[in-house]
Every structure is written in C-alpha cells, then in structure tokens.
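Summarising the annotation, TrEMBL assigns domain '3-dehydroquinate synthase N-terminal' to A:73-185. The annotation NAD(+) binding site is assigned in TrEMBL to A:77-82, A:111-115, A:135-136, A:K148, A:K157, A:175-178. As annotated by TrEMBL, domain '3-dehydroquinate synthase C-terminal' applies to A:187-331. Taken from TrEMBL, the feature Zn(2+) binding site covers A:E190, A:H253, A:H270.
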Number of protein chains: 2
Amino acid sequence: MNEPDAALKTLGVSLGDRSYPIHIGPGLLGDPQWLTPHLAGRQVMVVTNDSVAPLYLETLKQGLPDDLDVREVILPDGEATKNLANVERIWDALLAAGFNRRCTLIALGGGVIGDMAGYAAASYQRGVAFIQVPTTLLAQVDSSVGGKTGVNHPRGKNMIGAFWQPRAVLVDTHTLATLPPRELSAGLAEVIKYGLIRDVDFLAWLEASMAMLRDLDAAALTTAIERSCSIKAEIVAEDETEQGVRALLNLGHTFGHAIETHQGYGHWLHGEAVGAGMQMAAELSHRLGWLEASDVARVRNLLAAAALPLAAPGDMRAEDFLSLMRLDKKNLDGRLRLILLGCLGDACVHDATPPEMLVSLLEEFPRA
Amino acid sequence: MNEPDAALKTLGVSLGDRSYPIHIGPGLLGDPQWLTPHLAGRQVMVVTNDSVAPLYLETLKQGLPDDLDVREVILPDGEATKNLANVERIWDALLAAGFNRRCTLIALGGGVIGDMAGYAAASYQRGVAFIQVPTTLLAQVDSSVGGKTGVNHPRGKNMIGAFWQPRAVLVDTHTLATLPPRELSAGLAEVIKYGLIRDVDFLAWLEASMAMLRDLDAAALTTAIERSCSIKAEIVAEDETEQGVRALLNLGHTFGHAIETHQGYGHWLHGEAVGAGMQMAAELSHRLGWLEASDVARVRNLLAAAALPLAAPGDMRAEDFLSLMRLDKKNLDGRLRLILLGCLGDACVHDATPPEMLVSLLEEFPRA
C-alpha cells in the first residue's frame, strides 16, 4: 500500500443482526485483517472465474490464515454463464469437499460471480456465510451491496434467486487497473444512477469528474464508490426486500433488462443497457412534464462522457420492449411499473404512464 | 362436514411478522374461508403430484374464489422426484404463466411436494408466498410446519434449500382416508418422535392409542396431529434456523438419512428410516448409560405397534452408515453430532460419542 490511510473508507449496511461492513481502499485483497473476522469456520470456498483467477486468486489466498481448508471453483466468465447449471457446479464442489453449514463462500469477481456465489450460499444446506470481493466497478457500487443474489432464466433476468446478505464486502480499488474500459463505463452507468435518483450534488460532481474517473484517478474512484455504496446502503437499510423505496435503484433497469434479454445475455453489458434505459426513463419523464429538455440533455451528456451507448439496439421494435417489460418483477397484477425522475436527484415509482406515450417513446427513441 | 366444530383446531406458529396459523380438522379443503385470507394476490399456482391430483385437486380449487388466475403443476409422485429438475419445472410453469412476485404457491400433497413447492416459492423472484396443504400424516405433523424447504442432491438429502415459512398450513384430516397403510405408519414415526423428545405423557398416550390411530379414529388422529404440531411449533418458534434446540427434531434422522441415501431415495419411506434411526438412537443412549433397557424396549414396542421396521437394511455395513453420517448438516468442523435421549421425553445434542461405541452399535444393530 503506497496510498495514505485516508484512502481507506469503511461504511456500514444497517440490517439488524445481519448488518455488515463495506471496506473500500487500495490493496485490501492480500491483507488478512479484512477477511478473517468474517469467516464462519475453517472451511472456505472461493468462487471466481477464469478471467479473474489468474489476476487475483493467489493474492486473495495470501490474505487468508494458514490453518483453513481453502478450496476454489473457477467458472467460465460472462453474463451468459449466470445460470442454474453453474450454481449447481458450486454446490457439487461444496458437497465433494464435504463442507458443512459453517463453511464460508467468498465471491471473487464481478456481479455475475457475486450473484451466483451468493445464491449458492443462500441455498446450500439452507444458507451459509458468504463474503463479497467485487473486482469490477459495477459490482463494487451495485451488486455486491444489498443481498440480491440469483441467476437468469431463459424467460427473464434474475428470475431465480434469494435475498441473502454477505458477512462483509471488500472493495480493493487496485483491481480496477485490469478492468477493460468498456466494463469501467458500464460501472459508471450505475454510479450516475445514484446521482440521478438521490443526489443532484453528486451528479454535478460526476459531471466535473468524469474524465478523472475514466483515467482511473484513485481519489476520484474512491469518492465515487464510497458515495454510491452509501446511497445504496441507505436505501437497502430502509427496505431490504424491495417492498417500496428500494425499487428506485432500478432506474433504467426495466428498459435495460428488456435490451439484455432481447440481445441475449452477454452481448450488451448490464451497465450499458441500464445507461440506455436511464436515457429512456429521462425522456419519458420529460414527456410526462417532469423533466426539462435541458435536464434530459444533462443526462445524455453525462452518459456520453462515460462512453456509454445512447441508442437502443437497431433490431428491437417497440413491441419487443413491451412484451419483455411485462415480465419485470416490479409489475404487480398486470400493471407496468416504471422508475422515473420527478426531477434530477429524485426518482419515483410510476404505474400510470399512458400506454400510447410509452409506445411512441419506444418507437421514436434512437436506434443504433 | 359431519363432525362437530370441536374437531377443528387452530394453532399458531410464532415467528414475529412471519407468524402463521395451522388449521386442523376434517373437510377443510373445499371451504374458501381457510385459503382465501392467505393469498398474496390473484395469481395462484397449485403444485401437486399425479397421485394426489385425481383425489383432491378439484376439491381444493372449489375452495378458491372464482376471480383468481389458478394454474397447476402436476409432478410425478415419490421421494425420488425431490430434485432440482422438478423445482425447475415449477419455475418454468410460473414464468410461462407470467406470474409476478405477488403470486401464491399452494403445495397440495406430501412432504416431497411441500419441500419442492416451498423451495420454488423461496427462490422465485427472490421469494413469493406459499401455503401448505399436506395430505399425508408425515407432512401434516412434520414437514409442512417450520419452513424447511429444499431438494435432495445425489450426495445427500436436503442439501439444497431454504428456510421459507408458509403463510398458513391447512390440515384436512379427511385426506388420511386415502393414505396407504405403510405411509400412515411412516407418519406415526414422527408422531412418536415428539413424545420421545419432549413429552413423555404424550408417549404414554400414544402407547394406549396406537391401535385407534391405525384404525383412523378421527378424534385420536386430531389429538395426535395437534399435539405433534404444537410441539414442533414451540420448538420452531424458539429456534427458526436450527442454531440450537431445533436440532432435537432430528432424533433418528442422522441414522435415517444414511439409510435413505444408501438405499436410494424412495425405497425406504422417510418415516420408516427415521423409525429405525430412533431405535438406534435409543440403543446408543442406553449404551451411554442414559436410558434403561426397559426404556429401549418401550421405544421398540411402540415402533412395532406402529408397524414400523425394527431392523436396518441387510446390505448396509457399519462403514456405510459412518461415511454417509459424516455428511449430515448437523456436523460442525468434522465432529459428528447426534440427537440422543437423556431420558424418555427429553432429547439432547451429543457430539462426544466414543467412536468405538458407535461402530459396535452399527455392527450389532439388527439387519433385515
């Protein structure tokens, strides 16, 4: 570690007896003080993928005490692998090792690895401990915090899963040095989301700092991750199982999931689809009279500065969006529920968009 | 209903905001007052099997309001079907129907159906409502109460699952009229278990009433089910996720699971294996100096009166038991934990059985 201690931040997620810390800082991965207090017993299964393992698996293992029984499952990389068959591979490895209900799973990788390892932990022997060690910006600011775990189904994204909280989240910002630029942009989409739904000052800071973030400026990254995780932790503490305010975290996601499902998982990155979806949500909020045209332009410019796509896939018709959006988990008893923006920095759940307004938006939105 | 209202009993399972009622009585199945208050929304998926569906599916549907969207999944019957592939069939049916997170699953059948439907509910869109309508004695007194759900894995029983509480349990004692005698005996094994672990007066009542129970005497059955569910509900309320006292409900189960796994699921009924396992636990408790020989004889005689097997499978060696018992979920960090009897009516968790004593018990126990 050559950064000062000020670069290390610890936040808490407040969920009663399931509360846990998020440690953020450079070089945390190989330091035993961060993982050891959160292990349930001596049996540890590291779940990672074949892109991340060569980069960080040995460093992580060096950060574990010597007297543990440490095993690993190395899955293929990519959103297309987020399915039940790969979760079964984790269960098979746990059973082959004879691991009991006091074992601990450590998810080392991006959101796909975290979601699968978390769901495997939630369902192994009816629930065992797990720790998130996210190595992508997207996972660091979003999926590793809040306890949503699960896998995709051919008929829809994240349809099978559980709410299962980690014992701790360990964000080593050094891991972003090896992240492909496209994945960095995808993570920035979720960072921008926090500004849009809850914090217009953070949004303004992002407008000023986007170039530094894309240059991997360490201080700027730490600030962005910390502020993002703080907003997410606040919202999750208010509403763990998404009965209310937690739905706001899905700004852009109903449109985005439709893009991901239609294109086939893995072609668009999740954050890219969410970026396009936030642009659609902003435009719809404008058509409802809530946002100014200049607000929509700010959203578009910030997404452009993050190098995110501003157009939907060329082969997606309005009816493709509509049929896929009807499967969204937020819908209740047949009514389409969307997260929209009352103003920049304040999102709301809306289930009364005039159908013809939605259809014309979907028809008129730019296509790639 | 031609029985007096006194034949209807309602118990509560106290779990804070997840508390729920158990209604026990003859003819409840077709009466809308019992199911309707517990539905989460308009979408209802009945999960049942091809033995139970012809007997009770139409009656259950008559007990649902007319304005619902009611679908059904009819799975094959038997413990051998309790696997992830059949849970996936439930998820596929829910997604094909476009059901959202406000749907309700109703488990109509024995423990296998309840365990699979419950796990499907726990993991569908990260958790939806479900109601247990158990139609076997075993499910009525055991698996439908307490929120344990899950499936078997080739390497062990109930290895994949979740703690997920039903919204209500509906026990229609009329359904026992169509239960094969062997399954009635298997259910009686769990009834006897409650007397052994917690209530020696109930044990004495069972010794006096076993013939009436096997003759399906309505009043005797109601008493046996009510007392069994009360004891289970008390224990579950004390310890929902089996950190302590709940483990006592597993008397005979570590031995029993080994028998079931070794024989292949479905050859021995769960209750039959537990019956043999309780006999082994009683004998081991005697060798440890805790039970009198006369106590062991009482256990054996009661199991015999319930027409349960008193011998282990002829092809199971002591080492078969030992290797399978080491996979038991109760074990922690390599120590074998067994539920034993301090005296009749009082069970305890014990992890210090001398290995040679366990081996000699396993070698000397009668074989079929």
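Indices start at 1 and increase along the chain as displayed.
Glycine is treated like the rest: Cβ placed from N, Cα and C.
Those TrEMBL annotations? Automatic predictions, nothing curated.
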DSSP helix/strand/coil residue counts for the domain '3-dehydroquinate synthase C-terminal' (A:187-331): 104 helix, 1 strand, 40 coil
Predicted model, mean pLDDT over the domain '3-dehydroquinate synthase C-terminal' (A:187-331): 93
Binding-site residues: A:T136, A:T175, A:T178 - member with fewest neighbouring CB atoms within 10 Å: A:T178
Shortest C-alpha distance to A:E190 (Zn(2+) binding site) - which of the binding-site residues A:G111, A:G114, A:T175: A:G111
Other same-chain residues whose Cβ falls within 8 Å of the Cβ centroid of A:E190, A:H253, A:H270, the recorded Zn(2+) site, in sequence order: A:L138, A:D142, A:A189, A:K193, A:G252, A:G256, A:G271, A:A273, A:V274, A:G277
Per-residue Cβ crowding (10 Å cut-off), top of binding-site residues A:G111, A:G114: A:G114
Between A:A80 (NAD(+) binding site) and A:H270 (Zn(2+) binding site): CA-CA distance (Å): 11
Which listed residue (A:D77, A:E190) has most other Cβ within 10 Å, given these are binding-site residues: A:E190
Pairwise Cα distance for A:G111 (NAD(+) binding site)/A:H253 (Zn(2+) binding site) [Å, integer]: 15
DSSP-assigned states of the domain '3-dehydroquinate synthase N-terminal' (A:73-185) in counts, ordered helix, strand, coil: 47 helix, 35 strand, 31 coil
Nonlocal neighbours by CB distance (under 8 Å) for A:H253 (Zn(2+) binding site), same chain, sequence gap 6 or more: A:V274, A:G277, A:I339
Neighbouring C-beta atoms (10 Å sphere around the C-beta of A:H270 (Zn(2+) binding site)): 27
